[in-house]
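TrEMBL lists 1-24 with the feature signal peptide. Among the features that TrEMBL reports, domain 'Cadherin' is placed at 82-162, 163-276, 265-379, 380-507.
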Amino acid sequence: MNFLHLPSMLTVIILSLWEKSSCGAMTLNSVALPQVSRRARGGGAGVYSTQSRQRRSWVWNQFFVLEEYTGDEPLYIGKLHSDLDKGDGQVRYVLSGEGAMSIFSIDEDTGDIHTTKRLDREQQAYYTLKAQARDRNTNLPLEPESQFIIKVQDINDNEPKFLDGPYVARVAERSPVGTSVVTVVATDVDDPTYGNSAHLVYSILQGQPYFSVEPKSGVVRTALPDMDRELRDHYLLVIQAKDMIGQMGGLSGTTTVTVMLTDVSIKSYQFSVPESTVVSSVVAKIKALDADAGPNAEMDYRILDGDGLGTFRMLTDPHTQEGLVILIKTLDFETKTRYTLRVEASNRYMDTRFLSAGPFSDVATVRLQVEDVNEPPCFSPRVSQMAVSEAAPVGTEVGSVLAHDPDALNCPIRYAIDRKSDVENYFDIDRQSGVIRTSRRLDRELSALHNITVLATESCKSHDISLSSCERQVYLTGVSVSVDHSQVGKAVVLVSVTDVNDNAPSFPVEYQTFICENAQPGQVRLTCGLQTGIHRKVSECAEGE
């Protein structure tokens, strides 16, 4: 309960209502005012003086009421009460000031104050009123008037708005990352001093990865380097402002920003580089002009920035004074198709007397387009180890290999066995699945390890080595005029033949010995060995004397 106490020793009590419930958290404050009594001066009424001290002026005090209240009953705000009120109905409470009796009403008997209308803080944030206790019979004031404030408590009921949107901005093409483009500003008419209802956070909903926006300031900046006007001359961004510092439940508003790229006159060079170019090769040459002669015309070239810093470097040809762009890292069309370098040419020797006439350098842009080169299929792994029993029947699956097309087309792969590595045709391979099977009976004692080469080609290319019409020729001779061997992937498969006990013992030689006439019974004269591959049992003894 909120009440304003009007006593002989006056006490003001303020109870604040917070958030969206009339029974929410409350803050109770009490302020003591000087005791006041009424005395007659010259027999007059309504003259006031303090007892034993000088009368003090009324202090400003506040009641709080929540805006946008939509209840069916008038909203209770607070209560006025005087110490002179003995509860006998002789005291009447009077309210005057802003909104008195139109927006705010008072029960003259109890001093209860209510609001009768829905309030909007954005239209009026507070109301100044005066309260007084009067004698019901004489209507004379019992105490001086007390002035107080009813403050309308804010709720988050207004979304942010971009009053200056939509925006149109311009920025030079190839501007560095972080270049300021435009500042967007949203306003929120909620109370900035209470809670986070008017604390905004900006974000970009459309326009990434080319642009970014600073969350607090609303500054839109470039986020990618080398945006080329010739490729795209404008971008449409959607920027959002959200209150409650961007938290869930906050209200938001959006605006659009059209960013136009302005043309910049720059020196530009275009080159194409096959992805198969060997590292350390010169992929481009550029030359800056210098009207000087001799050493004064010698230049140094360097890469200032760009997305190719780790892939290319620059040197100067000492004879032609050309800038040589050299590849230092393998290119891959499937990973990156284009590089842009910003290069500088500067005089190697400068006369200090003419430094003020500089700069003695110039900047140009070098664009390198990576060209796709058809690459052969790649096996993973390049070397495989498999095992099969020598007793395995014909058609037994030994294992499988797998290759893929590294090019963007991702063509299906066809497999074959290089018959130069399997002349006896011990193995076959499924052309589509890469499954290897036995095609003849194996014998570990004849060949314990088979080293075969598996070939792979792309079926959507013209050079399929597995065409049935020339398959036997390719398999048997290993060559075919229709096959581009640079487009054939190769893998090594090592097949170990495991042993089974399929051989009986046998004597490797015929033995001959002699027996002395004086040999004793049971005396050993000779040892014989039986060998059966790895299934071997050997007994050894020494020849007798």
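Backbone N, Cα and C define each Cβ position, glycine as well.
All annotation found in TrEMBL is predicted automatically rather than curated by experts.
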Secondary structure content, the domain 'Cadherin' (163-276) (per DSSP, counts of residues): 3 helix, 52 strand, 59 coil
Predicted model, mean pLDDT over the domain 'Cadherin' (163-276): 89
Secondary structure tally of the domain 'Cadherin' (82-162) (DSSP, helix then strand then coil): 0 helix, 36 strand, 45 coil
